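As given in Swiss-Prot:
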- 1-21: compositional bias 'Basic and acidic residues' (COMPBIAS)
- 1-246: region 'Disordered' (REGION)
- 1-300: topological domain 'Cytoplasmic' (TOPO_DOM)
- 32-41: compositional bias 'Acidic residues' (COMPBIAS)
- 42-70: compositional bias 'Basic and acidic residues' (COMPBIAS)
- 78-94: compositional bias 'Basic and acidic residues' (COMPBIAS)
- 151-177: compositional bias 'Basic and acidic residues' (COMPBIAS)
- 178-195: compositional bias 'Low complexity' (COMPBIAS)
- 197-216: compositional bias 'Basic and acidic residues' (COMPBIAS)
- 261-288: region 'Disordered' (REGION)
- 275-286: compositional bias 'Basic and acidic residues' (COMPBIAS)
- 301-321: transmembrane segment (TRANSMEM)
- 322-831: topological domain 'Extracellular' (TOPO_DOM)
- 325-360: region 'Disordered' (REGION)
- 334-350: compositional bias 'Low complexity' (COMPBIAS)
- ASN379: N-linked glycosylation site (CARBOHYD)
- ASN396: N-linked glycosylation site (CARBOHYD)
- ASN547: N-linked glycosylation site (CARBOHYD)
- GLU598: active site, proton donor (ACT_SITE)
- ASN611: N-linked glycosylation site (CARBOHYD)
- ASN637: N-linked glycosylation site (CARBOHYD)
- ASN670: N-linked glycosylation site (CARBOHYD)
- ASN690: N-linked glycosylation site (CARBOHYD)
- GLU703: active site, nucleophile (ACT_SITE)
Amino acid sequence: MPSQSRSRDRYGRDSDRDRSRVQPRRRYHVSEDDDDDDDFDDNPRDRRYRRDGYRRAPVDSRAYDSHDDYEVVDVEEEPRRYRSDTERRRERARASPGTSPRKRERTRDSGGGHRRRRTEESDGSQAPQAHRDRRSRTRRDRGLDDEDLEDAARRLRRRERERERERRAETSKHKSTDSSNSSAGLLNANALAKLRAQHEELDRQEQRRAEKEAKAERKRRRKRPAVEGQMRTLDPFPDEVPRGQSKGRIVSGAYLEEGRAPDMEVRLRGGGRGPPRERRWEKDSDGSAPLTPFWKRKKWWWIGAIVLVIVVIIIVVAVVVSNNKKSDSDSDSDSNSGSSDSWGGDKSSLNGLDHDSIPKSAQGTVLDPWTWYETTDFNVTYTDETVGGLSVMGLNSTWDDSVAPNENVPPLNKPFPYGSQPIRGVNIGGLLSLEPFITPSLFEGYSSDVVDEYTLTTKLGDNAARKLEEHYATFITEQDFADMAEAGIDHVRIPFSYWAVNPREDEPYVAKISWRYLLRVIEYCRKYGLRVNLDPHGMPGSQNGMNHSGRQGSIRWLNGDDGDTYAQRSLEFHEKISKFFAQDRYKNIITIYGLINEPYMLSLDVEKVLNWTVTAAELVQKNGITAKIAFHDGFLNLSKWKTMLKNGPSNLLLDTHQYTIYNVAQIVLNHTAKVNFVCNDWVGMIGEINSTSEGWGPTICGEFTQADTDCAKNLNNVGRGTRWEGTYSEGDSTMYCPTAEQRTCSCTEANADPSEYSDDYKLFLKTYAEAQMYAFEQAQGWFYWTWHTESAPQWSYKTGWKNGFMPAKAYNPDYKCGDDIPSFGNLPEYY
C-alpha cells in the first residue's frame, strides 16, 4: 500500500510546495548502507499512482525507491562529484540482475545522450536556451504557472532519489555474502521475475500514453494561432471568383475560424465566434473528441439535402395523386355532366340524374352507369334484381316481338318454320369473344406471346376493362343489325364466353362487362326481327385449345387432372344462363341455344363429351329453355354421327362447320372446281346428315366462308404464315394453291382492298358463297362467319354485301347448284 508521502506527491500537496522558489539545484543520493526492501509492493494497482500525474523521464528505473535517509549534494558546488556519482549509479544499474537487458541498453543510450547534451552545454551551444524556450512555450500553451512547474519538478526529483535508493539496495543484496541477504535474494527470485514483467508492461503502457499525449498535443497545437506578433486579416474577396470556386467558403487556420483575432474580417458562414462552432471547438480543445474533417461534414450535408429532396418529391407526388383521385371522384359525382370523364361515348341519358341514386355499395361497379363507356340504349335506372344470379341492369322493362326482318319471315311472336324454311344467318364473331384475325388491331404492338384473349387481358392488366368495353360498344352497333335485316338475314349467332358470367378471380379476363352488351345485342336483334342463336364460344379450361376459345394451347375441359372440374364449371355456367334466358322476354327471340362451340373430339374422350352433352341439354331444358339445343360435331366425320346421340334429349340440332381452306386437298382446287366440289359433294353430304333415317337428323351449318385462301392476317394464329404461300410451317415451303408448281401463289390480291377487286374476282366470290348457301339450305340452313372484320374482306358478310360479292338479298341468290357455273373470265388462279 502506498505511503502517505507518495499520496501527497501524487496529488501535488507536498509541503515542498511552500519552499522558496530560488534554491540551488540539488541531487539526492541514497546512503550506501540502506538495504531495506520492506518498501517493495507487488500489487500493480497500488503502484498505478506513479504514472497517473506525469510522464516518467526516459532514464528512470522501474525499481522502487526507499524513504530512508539520503544525503544532499549541491551540484553547483560539487559538479564533478555529481557527475561521477551519477555515472557510478548508472553503471551499477546496468550491472543489476533486476534490470532487463533492454533496460540496460536504453540506460546506456540515455546516458550517452546526457553526456552529449552536457558536452554541448559546456561548449556554449544555444541548445539549452532553445530547450528552455520550448519548455516555456509548452508551459504557456498548457496554461501552467511557475509554481505548478516547481511543484512538478520537486516530485520528479523525489521519485528519482527513491528509485536510485531501491536500485542500490537491490545491488547491495545481490553482492553481499551475508547468508540472510543471499537467502533473501533466492527467496525473492520469483518476485524479481514478476517485477521485471511488471516493468516491461509499464514500459508499454508508458509508451502508449506518451503516443496518446503527443497526438493530443499536436491536435492542440493545430487549434492554436499560427501567427504571433502582428495581427493579420483576411484579404477581401475578389470581384470575380475563379470558376469552380465557392464564393462563400473561407479557408483559414483554426485561430481565425474561431474568430478571436480582434481585427479579423470574415463573412458569416459558420465562421467567427458563432455558438455552434465555438461549442464544438471548446469541446475538442481538451483532446476529448476529434474534429470532424470538413469533407465528412460536407458529405453529411449532401446526404441530408438528398433526403430532403426525396421527401419533397414524395409529398408532391402524393398530393398530385390525391388531387387526381379527388378530381375523378368529383367528376363521377357530377349529376349534370352525363359522363364520368373524357373516356366513353354518348352518356346523355345520365343528364339530369343524380349519381347518389346509385347505392354507395354499387358505385364504381358494373352496375354503375357512370362507369360505363356509353349508355346508349341502356336503361340507366339502378336495380339490383337478378335472374339465375345474373343482373338485369340495363334492360328495359318492356319489349316488342311483333317485328319481322323481311316479308319472307314470320315476326318474332310467330313460330319460325324450321325444317321447311332455311335459316339464313350470320355470326357476329369477334365482338364478345375476341379473335385475332377479326380484330388484329387489338393484338398489334405486343410480342408474339399475346395470341388470345387470355394473354391480351393479362398484358393490358388494369386497362383491359376499358379497352375491351370500348370494343364491345363500337365494333358492332345498332346499324349493323339494321343492315343485316336489309341484306335478307333472319338469324344471328352470338358468340360469347363464360367470363361474361362466372370467371374465377385468378383469371385475367374482363369479367361481366360483356354480359351487359350481350343483352343489348339481343335487344337490337329483337328490334329488327332477327332470331338469336346463343353460342358459348369459350368455356372453362378451353374445349379445343384454339385462340377463339379464349386460351390457345392445352385442352383442359374434360381433359387432364382437372378436366372434370372444368366440365362442372361449364355446367354451372349453363345453370345460370339457362335460368336467365328462360324468362318470357326471351322465349320468342332465342330460338337456338348452343351448348358449346367446337369441342375438339379428335383429341377428347368422345364418350365423355357425349355424356356431358346429354347432361347439359337436360339441365337447360329442366330450367325452362324451349329453344332448340345445338351441339357441335366435334370435327368428326359426319357419317359417324349416324349412330351417336340418336336417343338423346329431344329438340337437338347438330351443328357442323364447313371450310375448304383448312383441307389441303380442297384448297388447291381452282375456282371452278371449288364451286363444283360444293355442289357435287357437300349438297349430298348435308342432305344425308340432315335425314333422321339416313343420317343423324336436323343439322345446321353454324360457320362457313366464301374465302378460298387462308391469306387473312392472323387466321392461322398470331404471326403464323399461310398454306397458300407455303409459309405455314417452318422448314416446309410447300405451297397449296392451283399454281403451286409454278410457285406463283400470292396473298396480295386476296388481302387487297375490295375496291381493287376485279369484276371476275367478285363474281367468283359471290358464286362460291351462294353455292355453299344452297348446300346448307338442304338441311336447316346456315350462319356465315362472320358479319364484320377489320381487314379480312372475304370473311366479312357486310363487306361483301356492300361491295357486290354477296347476294343483295340472302333469300334471293343469283346462283344455285345445278345452274351453269358462270365464266370467271381471265381470273388468275394464283389467287
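Glycine is treated like the rest: Cβ placed from N, Cα and C.
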What subset of the glycosylation sites ASN379, ASN547, ASN670, ASN690 lies within 10 angstroms of ASN396 (N-linked glycosylation site), using C-alpha positions?
ASN379
Quickly jot the same-chain residues contacting the transmembrane segment (301-321) by Cβ under 8 Å, restricted to those at least six beyond its ends, or write none.
none
Looking only at the compositional bias 'Basic and acidic residues' (197-216), how are its residues distributed among DSSP helix, strand and coil?
20 helix, 0 strand, 0 coil
How many other Cβ atoms sit within 10 Å of the Cβ of ASN379 (N-linked glycosylation site)?
15
Other than its own, how many Cβ atoms are within 10 Å of the Cβ belonging to ASN396 (N-linked glycosylation site)?
12
Do you know which of the glycosylation sites ASN547, ASN611, ASN637, ASN670, ASN690 has the most other C-beta atoms within 10 angstroms of its C-beta?
ASN547
Mean of pLDDT values spanning the topological domain 'Extracellular' (322-831):
95
Check each residue in the chain of the residue listed as 'active site, proton donor' that is at least six apart in sequence and keep those whose C-beta is under 8 Å from its C-beta; list them in sequence order.
GLN543, ASN544, MET546, SER549, HIS632, GLY634, PHE635, HIS657
Any idea what the Cα distance is from ASN547 (N-linked glycosylation site) over to the residue listed as 'active site, nucleophile', rounded to a whole Å?
16
Could you check which of the glycosylation sites (ASN611, ASN637, ASN670) sits closest to ASN379 (N-linked glycosylation site), going Cα to Cα?
ASN611
Does DSSP put ASN547 (N-linked glycosylation site) in a helix, in a strand, or in coil?
helix
Quick one: what's DSSP say for ASN611 (N-linked glycosylation site), helix, strand or coil?
helix
